[in-house]
Amino acid sequence: MKNRDRRFTLLLLIPVILVLVAYVLYPSLRTLIESFHHKGGWNLKNYETFFGTESRSNLRALWNSVYISLLSVLFSALIGVPLAFIFNKYEFPGRSFFSSAAILPIVLPSLVGVMAFMFLYGESGLVPNAIKDLLGLKHVPFKIGGVSGILIVHAYTMYVYFYMTVSSTIRSIDPSLEEAAYNLGAGRFTVFRKVTLPLLTPAIVGASLLVFMTSMASFSAPFLLAGGFRVLSLQIYFSKVNGNLQMAAAQSVILSVVSISFLLFMRWYQNRRDYRMATKGIGAHRSEIKNPFLKGSMVILGVLGVIILLLPHATILILSLVPDGTWTYQTYPSVFNIENYLFLFTEPKIWDPVRNSLILAFLATLGNLVFGVLTSYVLVKRKFYGKNMLDIMVMLPWALPATVVGMNLILAFNEPSPFTFGNILVGTFWILPLAYFIRHIPLVVRSTNASLEQLDDSLEEAARNLGAGWFYLFRRVVLPLVMPGIMAGTLLAFVEAVGEFPTSVLLYTLSNRPISIEIMNQLRMFNMGQAAAYGMIQISLIGLVLFISNKFFGIKAERSL
Amino acid sequence: MSSVLLENITKSFKDYQAVKELNLEVKKGEFFTFLGPSGCGKTTTLRMIAGFYYPTTGRVLFGDRDMTRVVPEKRNTGMVFQNYALFPHMTVFENVAFGLKVRRLGSAEIKKKVEQSLKKVRLEAFIGRQVSQLSGGQQQRVALARSLVIEPEILLLDEPLSNLDARLRDEMRTEILRLQRDYGITTIYVTHDQVEALSMSDRIAVFNFGECQQVGTPKEIYNEPANDFVAAFIGETNLIPVIWDGKGGETLQFSWEENKNKKVVAETLFSSYERDHHLSVSIRPEAVEVFDEEPLNLQNVYEGNVELAQFTGASVNLFISLGEKTVQALILNNQTRREPQPGDKVWVRFPESHVRVIPRVMNQPARSMST
């Protein structure tokens, strides 16, 4: 009966809301409250300091964050959009290989990627030095660092957003739309401007907002490359390290406000108009390139592109084979063996971080799996008031920069609270799995949502009509059918947790330090080889997971973003 | 197997009433059809019987048991969905066995029952297939087998043929009827297709605007429609608005609303009539007689011009303008006779015994109609 139905919805909702309030909402509120505290009183001192004229470092960091993000959007779009066009509109030898290679950057955890770029293009990087030796120059012809370094890393990792969203939109455009325009007498340029571009606008705007948010929150690249250059996410870290938690709180609030307004803007924009195609069953429609010269140069460009894309991965692989202490003053490494990998099995100190990472990620992901499936089911299949609010709350960890999530947890759980059963979590083992769990809630919920939305309600009704109770039909009908979506999100959450750096660096303890922290430590000790070996472990894990989800669940890597 | 009684059922959604004060009885073993245009409340009513909706007011009874607030899984109804709702991750066997497994039958018994019911729908050879490998008609039969194997008290069919092409539809119509007679199961069938309804049902309830307009056998519904909506929705008809003039001996006298000089005489009485009802005359195209010359000493004869003659094979559809009104007449394809051609002058006659006077409910505020 109706009330029974309502009661059941409520029963499902209670744990969802409890978890969200305890670990998402409450920590955020703590940060907000803390940001208005200064020297024991309620006031706006922190914000005055931030915006004040005394020291402009915070304001400058905010401005740096914004303009780096804007430039990241521009460069990512300049790479991603043309690539999407070339790979989806034209047919030439090797096209399908190149187009799958184009998503390679997502197989690189942020910290490892930045490390690879340092070794490739930095002051003592392999590429500038190779050019120097080849041309017999006195100094390296170029090096990355500071703003240029951050921008190059951002463009390399974030163009994938543009590439994937625009690609999937191009594929969904019914070719007969463009043909209709040609048939009505429009020229190539008019068709592009009046038909293709308007249809692509939502994808481009969506990707722009995504890149902007991601690079506002970016931590690893500035952390390793910025030098004296400050961005807001770094400022938070430094305030925390210097013990000024209240300033860190104020900085977190400001960064969150920027990010959340972008999230809300994005939701509004995506709901505003709907360009979904009315047609079904669209066949791929690529024009073949006939001109042999053009065809040849396409292939050469493609090969070059793949090489550039693969260089970071290759660099990490090569470096991981260089034993510590054999590459000091030389331009290029000369000794190669698998010593760094052997240490994993012989030195407990080297193995510990790997084991820690796997345990932490496993715990967090297990939580994500259970919580994500429950939340998604409630959101998609149940009716209740305030669904929109719940949806926003679920998406909140996605809009919050990782550094802010870390700060929130520090400020909320560095004292006993009812949500932690009266325990202090900061400084314990459990704070890291909790952080990873919170970070990846939206990932699992979103990918499960996508599957659940495609599940016709009549299947559930048919099962009930045949006499199945809710638990039976959930286990036998709903779960098996949405499993691909659940697994896509869960596996991705797992690899992201293994590679997670920003929250780790804020929250780790010596006993639970994960791989990323150890990479940082090894880099500080100039043990490049060991750091790279850790990086390779992360890369292989991600590769393995993408392979598994493709092979066993038929999930394309691009679907999981 | 049991009868279904709907008592004073009203179903309101947020801002509109989908079903209004519905009273219906479906007898044991009957093939009963809910017929009406989309949005008329027929599917809502079916879903209240299945338990997916609960009525805002009123009661649902199976036999003498009150089922109004019973959850769907405890009702023991077998429902076939418009899209069949087969579980895509299960084989044909697993789909049909689902309801039996829920009922905790032994695996030997499940196997026997599934095989039997697949035999009934002639799909025993497909038992191990994935449902995605089946054609639309075969999927439909799996859905039927799945609903029937649990030996439901009532079989509910929600527009089951609407996703099939015309030829398969005819085939499945006979198939469903055969199964229904075989099992002798009380069946409620929802459709918007009047041909399906007329050819399959023991009785039909015609719905519109959330109200039941008429309940009756296919013959009653077709020959004695309760109002102009039923007359127009079931089959083709000519509707002419009329005004009551009075009684003339054994017959009833009316004049056309649009031309008072034109008179209509009717023998039949309309079933229900209230003072404030406007009236129409309904005459089916096949009842209209067409003459080349003016017939003498007959009533309800009008002169007209043929506007269009549509040849449809078995018959010819004539559209004849009578001045104020164009009427449709259906004459059989008689190869020895020359059919009237467009432009021909003809005389049409509405035989008094076939003229039906009915209240008008279309194009004016809906009124509750008793039959």
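Note that Cβ sites are derived from N, Cα and C of the backbone, with glycine treated the same way.
TrEMBL annotations: computationally assigned, not manually curated.
Listed in TrEMBL for this protein:
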type	residues	note
TRANSMEM	A:7-26	transmembrane segment
DOMAIN	A:62-266	domain 'ABC transmembrane type-1'
TRANSMEM	A:66-85	transmembrane segment
TRANSMEM	A:97-122	transmembrane segment
TRANSMEM	A:142-162	transmembrane segment
TRANSMEM	A:203-225	transmembrane segment
TRANSMEM	A:245-266	transmembrane segment
TRANSMEM	A:299-322	transmembrane segment
DOMAIN	A:354-549	domain 'ABC transmembrane type-1'
TRANSMEM	A:358-380	transmembrane segment
TRANSMEM	A:392-413	transmembrane segment
TRANSMEM	A:419-438	transmembrane segment
TRANSMEM	A:477-495	transmembrane segment
TRANSMEM	A:531-553	transmembrane segment
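Only residues 6 or more beyond the boundaries of the transmembrane segment (A:203-225), in the same chain, are considered here, and those with a CB under 8 A from a CB of the stretch are 65-66, 68-70, 72-73, 76-77, 80-81, 110-111, 113-115, 117-118, 144-146, 149-150, 153-154, 158, 161-162, 165-166, 168-169, 231-234, 237, 255, 258-259, 262-263, 265-266, 269-270, 399-404, 501-502, 505, 523. Between the transmembrane segment (A:392-413) and the listed ranges A:7-26, A:66-85, A:142-162, A:299-322, the one holding the most Cβ pairs under 8 Å is A:7-26.
For the transmembrane segment (A:299-322), the residues of the chain that approach it from at least six positions outside its boundaries are 92-95, 97-98, 101-102, 104-105, 107-108, 112-113, 115-117, 119-120, 126-127, 156, 333, 335-338, 340-341, 528-529, 531-533, 535-536, 539, judged by C-beta separation under 8 angstroms.
Non-local neighbours of the transmembrane segment (A:7-26) in the same chain are 371, 374-375, 377-378, 382-384, 390, 393-394, 396-397, 412, 417, 419, 434, 437-438, 441, 470; each lies 6+ residues outside the stretch with a CB under 8 Å from one of its CB atoms.
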